[in-house]
Each structure stands twice: as structure tokens, then as C-alpha cells.
Amino acid sequence: MAAPLCALASRTQRSARAELAQRLAGSLTPSLARGQAGVGRRWCGDAARQKSTHFGFQTVPEGEKAARVYKVFESVAGRYDLMNDAMSLGIHRLWKDALLRVMNPQPGLRLLDAAGGTGDISFRFMAYTRSVHEQKLRRRARSNQTPSWQDITASYSSEGAGPPQSRAVVCDINKEMLKVGKGRAEEAGITTGVSWVVGDAEELPFDEDQFDVYTIAFGIRNVTHVEQALQEAFRVLKPGGRFLCLEFSQVSTPLLSKLYDAYSFQVIPVLGEVIAGDWKSYQYLVESIRRFPNQETFKGMIEEAGFARVQYINLTGGICAIHSAFKL
Amino acid sequence: MCSVLSRARRWAFAFHVLTRQQHTAWESDHHGRLYTGHIQTSPVQKALLAVGSGIAALQNPYRHDMVAVLGETTGHLALVKLRNRMRNNPEGYTILIERPRIQLSTLDLSWMSALPDGSLGREYLCFLEKNKVTPDTRANVKFVDDEELAYVMQRYREVHDLLHTLLGMPTNMLGEVAVKMFEAAQTGLPMCILGAILGPLRLSTSRLQKLTTSLGPWALHSGIHSRCVLSVFYERRWEQNLEDLREELNIEPPPFTLPANSKRPS
């Protein structure tokens with residue numbers, strides 16, 4: 001990009017300008033370095049824990065990352081779905097539909113939608129299982145055109161049982177996102193089957209062996225300790241349960257990669273400023289995508305957590321990838 | 001420059017501009033900040049911001065942050081001219097050095113309300129009260145890539161309310177359009193010019209008539225002939241009589257007084 005003016009200025013000029021800039025503002029925002037030092041001083045007694053991690057392209061103490069991510073999503077929650085449509089030109093819906101097709105859930109399953117936010121995956125899950133169930137009924141009806149009276153009696157008794165109830169639990173660390181999701185559920189008229197739980201993907205508020213499917217869509221890159229989230233996923237899944245992760249990944253072709261980078265860094269923060277009035281949150285989002293490990297590395301991490309049969313599928317040239325694994 | 005390059009090389013250049021390394025780690029650590037709240041932007045981003053904020057502001061004129069962004073991304077030349085004008089004026093030069101800010105925290109409200117009627121400070125407070133505005137709602141400058149110009153922009157925003165007092169205009173649509181026309185004539189900021197042209201489209205016919213027949217010409221005339229309003233150190237002139245200040249700045253009193261705003265558009 002065009003060499004920033006500050007890079008051309010000498011260091012002394014910059015510090016003089018910085019002083020003037022401080023007088024310019026009524027309130028001072030501590031620079032990242034000073035904030036880091038402040039946190040470091042507080043954690044002085046525990047040198048071992050003073051590790052740092054990445055927050056987009058910034059480096060922050062580990063303890064700070066979760067709070068900063070929380071603030072990002074708190075501020076974007078209201079416009080989250082609108083921004084997703086604007087940034088991906090609606091393609092994110094196709095990605096999520098692809099995830100459901102890979103999952104191919106049968107009615108009666110229990111889903112944990114981790115980092116579920118506004119509930120996109122859970123709503124699709126409920127709709128998918130409902131349509132699978134309806135298809136089954138239609139097929140049964142078609143093949144049963146002339147039932148005998150014994151068949152009719154049998155169908156009366158089974159009708160009372162009703163369809164096997166699929167259940168989805170949306171778990172997210174951010175209350176604002178869950179609020180938006182609940183509002184969407186009410187508008188769509190989805191009253192049964194979906195529950196909304198506040199929880200940290202690194203420390204899930206569920207017992208082990210609870211869920212048939214665990215999904216995390218566009219959420220795992222925001223987690224501070226990805227390995228811990230994977231271990232938690234392993235813990236709460238039933239034996240035979242399936243782990244599915246939909247996440248931005250590395251683009252395979254260099255040409256597409258350049259265009260994608262240009263689009264991400266030039267257009268997306270601008271969209272964030274114009275539509276949501278928030279440049280910095282969307283700058284963080286595009287930077288965090290670059291920081292996330294690529295498909296093969298992430299596959300290795302999933303295997304480390306104890307999963308078997310790990311596979312990945314690239315979507316849209318590698319812009320997204322679906323990682324799938326089983327707890328055996 | 002583009003006329004010299006062949007078409008293929010122009011395309012190659014454009015592609016290169018868009019796709020060369022988008023960032024460096026140092027930039028991201030400091031975000032290339034020149035002042036608090038500064039966000040470093042490339043020319044492509046500025047162009048996109050200008051277009052996007054223009055559309056957003058037209059769709060919803062109450063999105064003041066979008067009007068602000070439009071002003072910042074399109075106003076570079078005008079800001080340079082304004083800054084030079086300020087530098088050439090002794091009072092303006094003092095302002096550029098001392099960088100005063102008009103915020104509730106820096107104003108001594110009890111002292112100002114005790115000032116005599118007709119003084120600048122008293123009339124300013126009355127204006128704030130009647131129209132139910134506060135100087136703290138102005139957005140901070142984000143996209144201006146020069147620290148001094150960013151201050152000039154911020155000063156322009158903070159002086160806007162004082163301009164209302166100086167011109168005697170309320171904060172309804174008609175008053176705002178009149179002030180925008182004055183500012184457009186004075187500063188030449190593209191955002192002001194755009195506002196002065198498009199603002200009247202939202203007025204009722206009777207108000208539009210008032211604007212075109214008396215208010216508009218008066219605002220433009222005052223804007224062209226008056227002294228640079230950004231070069232006035234208002235913080236040291238609170239006790240000065242408003243009429244005296246108007247005379248000093250060469251601003252004629254308004255052709256008629258408009259009623260104070262009953263419903264606030266902003």
C-alpha cells in the first residue's frame with residue numbers, strides 16, 4: 001500500500017507529533033505498548049503466565065484477548081448478519097448450507113452449535129432435519145397406498161409418538177450475539193428445539209458424552225487457546241459423534257489469494273465503517289483470518305485432540321474449509 | 001501520468017496498487033497512527049469511503065458520522081487552504097499552536113452563564129439550551145493523514161455551533177442549510193458544498209422560497225466577505241459583545257430571525 005506518511009517521517013518528528021497529538025485529544029487512549037506494560041506489571045508475580053498471543057496483527061497478553069474479542073462482537077452484534085451478507089455478497093449462506101449437507105443430520109440428533117452467535121447453523125439444522133423427516137413420511141405414504149386394516153391400526157398407535165425431536169443448543173460467549181439470535185428465532189417462529197446458552201468454547205458448561213454433533217462455524221479463530229476448544233469438543237461429544245468446523249482458511253491459488261487479500265484489506269473495513277460505523281472491529285476480523293493456521297496444520301491439531309478420520313473440504317478455492325472428524 | 005502509460009501498463013499498475021502487500025506488522029502494531037483516533041487508509045480505501053459515506057449520508061442525513069467521514073476523505077485540498085489561511089492570520093496562528101478545544105469539560109459553564117446578555121458566551125449557552133445540543137457530540141477525526149490538518153478539521157466541527165450563534169440560525173433544516181452555505185463559501189470543503197446544494201431539496205416550498213430570496217444570498221455574501229471564522233480565538237472572547245464580534249468579522253446580521261428549533265433534526 002502507499003507508504004504511510006509516518007514511515008517517511010523521522011523518529012524524532014514522530015515523537016514530537018505524538019506529543020502534540022496527545023494535547024489534541026481530551027482523553028488519552030493508552031498506546032498498545034503502555035497497555036501491555038500495565039497488564040504486565042499487574043501480572044508481575046506470575047511470570048510464567050505472562051504469555052502473549054495474537055489479536056489480529058497485534059500482539060496482546062493472553063488474558064486480554066478474550067475481553068477484546070468480546071468487545072468486538074458486542075459492538076458488531078446488531079449488524080452482524082447484514083455485514084455478513086455485505087462482506088461475502090451473500091456467499092456465506094452457501095458455505096453454511098454446504099456445512100449442513102456435509103453433516104447430513106438425521107432427525108433426533110442433538111447438536112451443539114459452539115460460537116453459534118446469531119444461530120445460523122442451528123436454524124439450518126432444524127430446517128434440514130424437518131425436511132428429512134417430511135421426506136421420509138412422504139416416501140412411506142407413497143409406498144403404502146393400499147394399507148390393510150392391521151397397518152391402519154399400527155399407524156394410529158405410532159402417530160401419538162410424533163417425530164423424533166432434534167435439538168440444537170446454541171452456545172456463545174457473547175450475550176449480545178445470543179440476544180440477536182433469540183430475536184431471530186422468535187421472528188422465524190422457531191419456538192421448540194433450540195436453546196441458547198452462554199458459555200466459553202474453552203470451558204463448555206456441559207457434561208461429557210452429551211452431543212451427537214459439534215459444530216463451530218467462523219468461531220474457532222477467535223478462541224484464545226484453540227487446542228483447548230478442540231479438547232472440550234472431544235469431551236462433550238458422544239462416542240461416534242461428529243466434529244465439524246467451518247472456518248476461513250488458506251487460499252490455494254496465488255492469483256485468487258492476491259485478489260482476496262486486496263478485497264479483505266481494502267474493502268471490508270470500509271464496509272464496516274459505512275454500514276456499521278465500526279472500522280476497527282472489521283480490521284480485526286480480516287487480520288484474525290490471516291493468523292489462523294492453514295488446512296493441514298489445523299487438521300494436525302484436530303488429530304492431536306484425539307479425533308479420528310479427520311478430513312477437510314475446501315470451499316470457494318480455499319477461502320473457507322470444512323474440517324470433519326469423528327470421536328471413535 | 002496515466003496519459004503517458006499505455007493501456008496495458010495502466011491496468012498492470014492498477015492491479016499492482018491493489019494487490020501489493022497490504023500491511024506490515026509495524027503498521028498494524030501502531031496502525032500508523034499520527035494522533036489519537038487516526039486510522040491509516042490507502043488511497044483506494046479513501047475513495048471507497050468517500051463514495052460509501054456519500055451514499056449513506058444521502059440515504060440517511062441523520063448519520064452524522066457518515067457526513068463527517070465524507071468531509072474527511074474529500075476535504076484535503078480545502079483543509080490545506082484553510083490551514084494556510086489560519087497561519088497567515090496572527091490569531092489563527094496562535095490557535096494552531098495552542099490547539100484549544102471546545103468541549104463541555106473545557107468550558108467554565110457557571111462563569112459563562114453569569115456573563116451579560118448579548119455577550120458571545122451567554123448567547124452561545126442560550127443557543128445550546130434552546131436547541132438542546134451539546135458541543136460533545138462531534139465525531140473525532142479519523143481519516144485525515146496529517147496531524148495539523150486533522151486539528152483544523154476538528155476545529156471546523158467544533159466551531160460549527162458557534163457559527164449558528166454568530167449567524168443567528170437555529171438547528172432546523174433551514175438554519176442548517178444557511179450555515180452550510182456560509183461554510184461552503186468560507187471553507188470550500190466539498191462536503192459543505194454538497195450539503196449546500198442537496199440540503200435545499202429537503203425543504204418545504206415556503207422555506208425554500210425564504211432561502212432563495214433572502215437567506216441564501218445573505219449567507220453566501222457573508223461567507224465570501226467575512227474574515228476566516230476558524231481564525232477566531234473564541235475561548236478568549238466569551239465576554240465580547242456578539243454584535244461587536246459580528247462587526248469585527250464582517251458578518252451582517254441575518255435578514256430576519258428564525259424561531260428556535262422545536263423539533264431537532266440532529
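Backbone N, Cα and C define each Cβ position, glycine as well.
Because the structure is a prediction, the values reported are computed rather than measured.
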Practice item. Please pick, from A:Asp85, A:Asp97, A:Asp151, A:Asp172, the residue that TrEMBL records in the S-adenosyl-L-methionine site together with A:Thr118, A:Asp200, A:Ala201. Key: A:Asp172
Review point. In sequence order, what residues of the same chain, 6+ apart, have a Cβ less than 8 Å from the Cβ of A:Asp172 (S-adenosyl-L-methionine binding site)?
Key: A:Ala114, A:Ala115, A:Gly116, A:Gly117, A:Leu178, A:Gly181, A:Val198, A:Gly199, A:Gly219
Practice item. Give the maximum pairwise CA distance in Å, whole number, for the residues A:Thr118, A:Asp172, A:Asp200, A:Ala201 listed as binding S-adenosyl-L-methionine. Key: 16
Review point. What same-chain residues, at least 6 away in sequence, bring their CB to under 8 Å of the CB of A:Ala201 (S-adenosyl-L-methionine binding site)?
Key: A:Ala114, A:Ala115, A:Cys171, A:Ile173, A:Ile216, A:Gly219, A:Ile220, A:Val223, A:Ala229, A:Glu232
Review point. For the binding-site residues A:Thr118, A:Asp172, A:Asp200, A:Ala201, which residues show a Cβ-Cβ distance under 8 Å to chain B?
Key: none
